[in-house]
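Lifted from TrEMBL, the feature list:
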type     : residues                                                 : note
BINDING  : N26, N90, G100, N101, N183, N216, E240, R241, G250, T251 : substrate binding site
ACT_SITE : C99                                                      : active site, proton donor
ACT_SITE : C99                                                      : active site
ACT_SITE : C249                                                     : active site, proton acceptor
Amino acid sequence: MDPQEAAAQLLSLTGLAFSKMHATGNDFVVFEDAAGDRDLSPERVRALCDRHLGIGGDGVIRAVRSEHLVEGRELLAQDPGAEWFMDYRNADGSIAEMCGNGVRAYAHFLLSQGLTQMPAQGLRVATRAGVKVVRSSGDGYSVDMGPWAFIYPERAQAEAMDSAVTTQGEGIARPSLSVTMGNPHTVVALPDAAELAELDLTAQPVVEPLPANGVNIEYVVPAEPLVQDRIAAISMRVHERGVGETLSCGTGICAAVVATRHWAGNAGDAAQAWAVSVPGGVCGVRFETRPDGAEHVILSGPAVRVAGGVLG
Ligand SMILES: N[C@@H](CCC[C@H](N)C(=O)O)C(=O)O
């Protein structure tokens with residue numbers, strides 16, 4: 001970003017109190033705007049997220065009372081407990097439907113700033129991908145991320161692959177599987193940890209076909225054997241839509257588990273839970289089937305408030 005432009009954008013936010021949060025290294029600038037008065041333009045988001053000229057982050061999260069946003073009011077009408085809306089923006093200023101690490105960081109922000117308390121049945125957070133329920137867990141927070149779905153269900157079921165991903169510096173298109181967790185993901189399996197470590201994710205990988213609104217891309221290596229002591233383990237790196245490579249992506253972790261389980265067939269059925277290692281730490285994933293038959297993905301992991309400050 002141009003330094004003068006960044007300075008001007010930050011000046012326009014003078015006095016804004018913020019927290020710097022992270023969840024397995026996926027980092028966010030989080031602030032309260034209860035009444036939804038702040039114009040969170042893409043330029044302001046880019047300035048806040050700039051790692052040299054701003055605070056630095058993979059995204060910005062604005063805490064708005066649901067009643068003050070059109071999307072929030074719609075959710076509140078069905079779910080009066082969803083008092084706070086997570087307004088999530090990627091570092092490039094684009095809007096994303098959902099953020100699995102962000103929602104844990106957001107819950108931790110609301111609780112640590114005294115903006116809400118943890119109800120016995122869990123904290124209901126309104127997002128553009130619906131209401132998510134966050135609970136305290138042994139490793140920090142767990143989130144019911146809702147049901148998963150294949151983006152191209154027919155191809156996914158018939159061929160277990162539905163798209164191809166070409167990564168910078170590689171002359172091959174690798175087969176992949178596309179999953180929505182409210183936001184879009186394409187998952188690629190790699191044979192071993194060395195290939196995962198060597199990937200060049202400094203440029204946007206090319207995905208064919210590209211989902212209409214772009215996609216996050218996860219590269220996974222399943223443990224060998226996949227399941228030990230009823231825990232399935234995978235390692236993952238991610239290139240996030242609107243950001244670039246990040247140290248972790250919660251929705252990406254869920255999508256990676258869904259794809260790996262699909263590929264593993266019976267071998268994955270023995271797993272009670274999944275442990276996903278990313279450069280920023282480890283998250284847990286498990287599945288829960290609801291009475292209506294829908295299979296929900298439960299994501300768990302830490303959330304940390306690193307620091308707080310005031311702009312200007
Ligand atoms: N890091 C997030 C996902 C953030 C949004 C993503 N970049 C998108 O555009 O969909 C996560 O933890 O899920």
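Note that Cβ sites are derived from N, Cα and C of the backbone, with glycine treated the same way.
Cα of E240 (substrate binding site) to Cα of C249 (active site, proton acceptor): a distance of 8 Å. Each residue contributes its Cα atom, and for N26 (substrate binding site) and C99 (active site, proton donor) these two points are 10 Å apart. Compared over the binding-site residues N26, N183, the count of CB atoms lying within 10 A of a residue's CB peaks at N26. There are 31 other Cβ atoms within 10 Å of the Cβ belonging to C99 (active site, proton donor).
Following the DSSP three-state reduction, the secondary structure of N26 (substrate binding site) is strand.
Excluding the listed site residues N26, N90, G100, N101, N183, N216, E240, R241, G250, T251, the same chain places A96, M98, C99, G102, V238, V243, T246, C249, G252 with Cβ atoms within 8 Å of the centre of the substrate site Cβ atoms. In the three-state DSSP assignment, the secondary structure recorded for E240 (substrate binding site) is strand. With a 10 A radius on its CB, E240 (substrate binding site) counts 27 other CB atoms from all the protein chains. A count of other CB atoms within 10 A of each Cβ picks out C249 as the most crowded of the recorded positions G100, C249, G250. Annotation note: G250 (substrate binding site) sits in a helical segment as assigned by DSSP. The two recorded residues, G250 (substrate binding site) and C99 (active site, proton donor), show a Cα separation of 6 Å.
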